[in-house]
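Undergrad: Encoded as structure tokens, here's the structure I'll be asking about.
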Amino acid sequence: MAEEIIIANAEDKIYDSIVCYAPTMITTSGIWQGDNPLDYSLPLFIVQLTLVVVITRLLVFILKPIRQPRVIAEILGGVILGPSVLGRSSTFANTIFPQRSVMVLETMANIGLLYFLFLIGVEMDIAVLRRNSKKSLLIAMAGMILPCIIGSSFSVLLHDKSQNTKEGTFILFLGLALSVTSFPVLARILAELKLINSEIGRIAMSASLINDMLAWIVLAFAIAFTENKDMSLATLWVILSSIAFICVCFFVIRPLIERRISQTPEGESISEFNICLILTGVMISGFITDVIGTHSVFGAFVFGLIIPSGPLGLTLIERLEDFVSGLLLPLFFAISGLKTEISAIDSAATWGVLCVVIILACAGKVIGVVIVTLYYKMPFHEGLSLGLLMNAKGLVEIIVLNVGKDQKVLDEKSFAIMVIVAIGMTAVITPIVTIVYKPSRNFTPYKRRTVQKTKLDREFRVLVSIHTPKAVPTIISLLEASCPTKKSPICIYVLHLVELTGRASGMLIVHNMRKTGRPAMNRTQAQSDHIINAFENFEKSAGCVYVQPLTAISPYSTMHEDICVLAEEKRVALIIIPFHKQQTVDGGLETTNSSFRTINQNVLANAPCSVGILVDRGLTRSTMNQISHHVAVLFFGGPDDREALAYAWRMSEHANINLTVMRFLPGDTTIEASKSNSGNDYSVLTVETERDREKQLDEEYVTEFRTKTGNDGSIVYIERIVNHGEETVGAIRSIDNSHDLFIVGRGQGTSSPLTAGLTDWSECPELGAIGDLLASSDFAMKASALVVQQYVGMGSGDPLITPDSPTVHYEPFNLDHSTHRQQPDFHSQQ
């Protein structure tokens, strides 16, 4: 059993607890032997860890609707478990978090922190200091220096009201805590606000990354000063030793690691031995920096910086990130919460002075950033929003506060209020920026929102949305077959859709520029690089094609907003999105992610232009560097079918495209049945009038098509008379297997007797009756299919298939800045 001894120093009024441990009480013999599992270290730690994770995840779920970053939930979870809430019960505190368990808990928390900081180092690009614009660097410096000066100035007043603190180091720690900006937290906030790819988001990401790096350097020196009351020879040795450690890591260890990794054959995974060496190196680096007088996390962070990007960094992140950030890191925040005792704030004066310091420091960061943005002639509201965003707090500040408390630099009151203020400042960023930053959508209205209205002698703009690289070959083949010419070039916006998660590495895809030539840092960026490289190679090989790659990071529930806003902003005529099912080895289709289907449904309901869903069964070149496709259009009538014919008409301009247009017409039986059902019902007559108008439009467009393509031997026009759905299916089955692409209309809002009964067993109503038939595994179709919906006005999509689709209020989505490429000189669109 553990025994607690209280030692009191009456002169200084300092109370310390010495806890005696029983080294044999690690694992229990079981409740059947009469043991209480919570008296033993391992069972108690498991209960503590489980409780921390469960409460943290519960708070994440609760705070998700108000778009709060996960760090808020993690710190709040610790506060709830600590002496401020549940810990007020002595029974709970002595049973679940007794004094004897603190050492084990803090040890595991610091191990998690060690590896998390290592991963942050792996993911960071130290070249960012050289590569970033002067604007980002000045914003980062202004956002650090001014709040640090303000906090330091007023900390003298606060220090006089605090006990047992060292004035110089107190000023240093308080200034550092107030000036830092958390890169992972800021990235999450920007993604939630859909600003991560905007100009303000790009600047904020760059500035916060620079801020984070500078904060670690300052923290290392702060720890060195903390360990020594005066600037003595020992402090100088700590600083020199730290510099020597950094030099050895970069100029000795890094080349050795690169040499070791270069011995791995290309295409093979990193060996377990090499991974084990790296993970051991993290612990050794932490030990060395702890020995020389700086914090162990500094060594882990520096060791992470020297890990070369590529397969090694990718493997380390994939293997460690979820375990470390999901299981061990919450322990560190929980420990911070357990140290936070709100009841210690019993002095209104202390609270008031600290609040003044925090408000002024927050204002100082905002003022510093606004001054720089005004110098660069940015709008005031953007500078104000940027300054507010730079106040995001997170891991670095919590580490600073914990080190300060452990070193007796911060007392209970200061620590508790600083933790609360960190939570408050970060929590209010999202709602305040939402109010302050409301850029207007000054999009130029445009008419050519459909393929049909885009003439063959004008530019054709397409937005391609891609989740994984698997769909890339077919989409490229489809676009290449779309006949780009000098008269009608194709401008392709390639949007890589990435789910917004709590992982910091997922955010770095936006910040890291591909021009650096560095290998991908994570799997998401590797996929993005693969997609972008494929389309850029297509741009080089194909003439009259302009490609602009973009990346959107957002939750699946709002991902359709990114697609629709970008389509409106870029004035595209067609959005191409992949079907939520992919082809398997045996030729069937299986669902990859059910969320993709919801995205497609929401895009169909809210798109500002025409939409095409691509059912991918392969559409590759028949010969080397030469496409040759047999395309079939199934025409039943209506706006969607006219749009499908318009796209196929464009494709038929290509010399190596053979087009078959099969038009389905109702037989006499179907016509008579339709007349008998109409009767004298006014509503039915109104529908019939609308049908007659659509039939007239169909006739006019088909006649125009046949007139202009009548002498083209590569185009075949067929008319089939059918009376019901069964005959329609039989006619489609009769089409020979030489066709490798079917283009059909979705048939939104229309009910044709030619497709009667086909929707009764529909698996995917968003494809329409014919599209669902072509995508069905029972139909044994080997060809790909493009299901097209024509834009006929805002809100034209069928709301019945999207019951969960929210009302969309679009914000601007300036994604161009993620690539830093010069946009080609496109033809203007009216």
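Quick reminder: no glycine exception, Cβ is built from N, Cα and C everywhere.
Pulled these features from TrEMBL for this protein:
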type	residues	note
TRANSMEM	42-63	transmembrane segment
DOMAIN	55-433	domain 'Cation/H+ exchanger transmembrane'
TRANSMEM	75-97	transmembrane segment
TRANSMEM	109-129	transmembrane segment
TRANSMEM	136-158	transmembrane segment
TRANSMEM	170-191	transmembrane segment
TRANSMEM	203-225	transmembrane segment
TRANSMEM	231-253	transmembrane segment
TRANSMEM	273-292	transmembrane segment
TRANSMEM	298-317	transmembrane segment
TRANSMEM	324-345	transmembrane segment
TRANSMEM	351-376	transmembrane segment
TRANSMEM	415-437	transmembrane segment
DOMAIN	490-621	domain 'Cation/H(+) antiporter central'
DOMAIN	630-793	domain 'Cation/H(+) antiporter C-terminal'
REGION	802-830	region 'Disordered'
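On this model, are these features tucked inside or out on the surface, and what's nearby?
TA: With a cut-off of 8 Å between Cβ atoms, the residues of this chain six or more beyond the transmembrane segment (273-292) that come close are 114-115, 118, 238, 241-242, 245, 249, 253, 257, 260-261, 264, 298-300, 302-304, 307, 312, 315-316, 319.
With a cut-off of 8 Å between Cβ atoms, the residues of this chain six or more beyond the transmembrane segment (324-345) that come close are 49, 52-53, 56, 71, 74-84, 87-88, 97, 105-106, 108-113, 115-116, 119, 351, 398, 401-402, 405, 412-413, 415-417, 419-420, 502-504.
Note on the transmembrane segment (351-376): residues 135, 138-139, 142-143, 145-147, 149-151, 154-155, 157-158, 161, 174, 178-179, 345, 382-384, 386-388, 390-391, 413-414, 417-418, 421, 425 of its chain, located 6 or more positions outside it, place their CB under 8 angstroms from a CB of the stretch.
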Undergrad: So which of 42-63, 231-253, 298-317, 415-437 is most in touch with the transmembrane segment (75-97), counting Cβ pairs under 8 Å?
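TA: Stretch with the highest Cβ contact count: 42-63.
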Undergrad: With an 8 Å cut-off on Cβ pairs and a sequence gap of 6 or more, do the transmembrane segment (415-437) and the transmembrane segment (170-191) reach 3 or more such pairs?
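TA: They do touch: at least three Cβ pairs between the two stretches lie under 8 Å.
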Undergrad: In terms of Cβ proximity under 8 Å, which residues at least six beyond the ends of the transmembrane segment (42-63) contact it?
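TA: Here the qualifying positions are 26-28, 70, 72-74, 76-78, 80-81, 96-98, 101, 104-105, 108, 326-327, 330-331, 333-334, 502.
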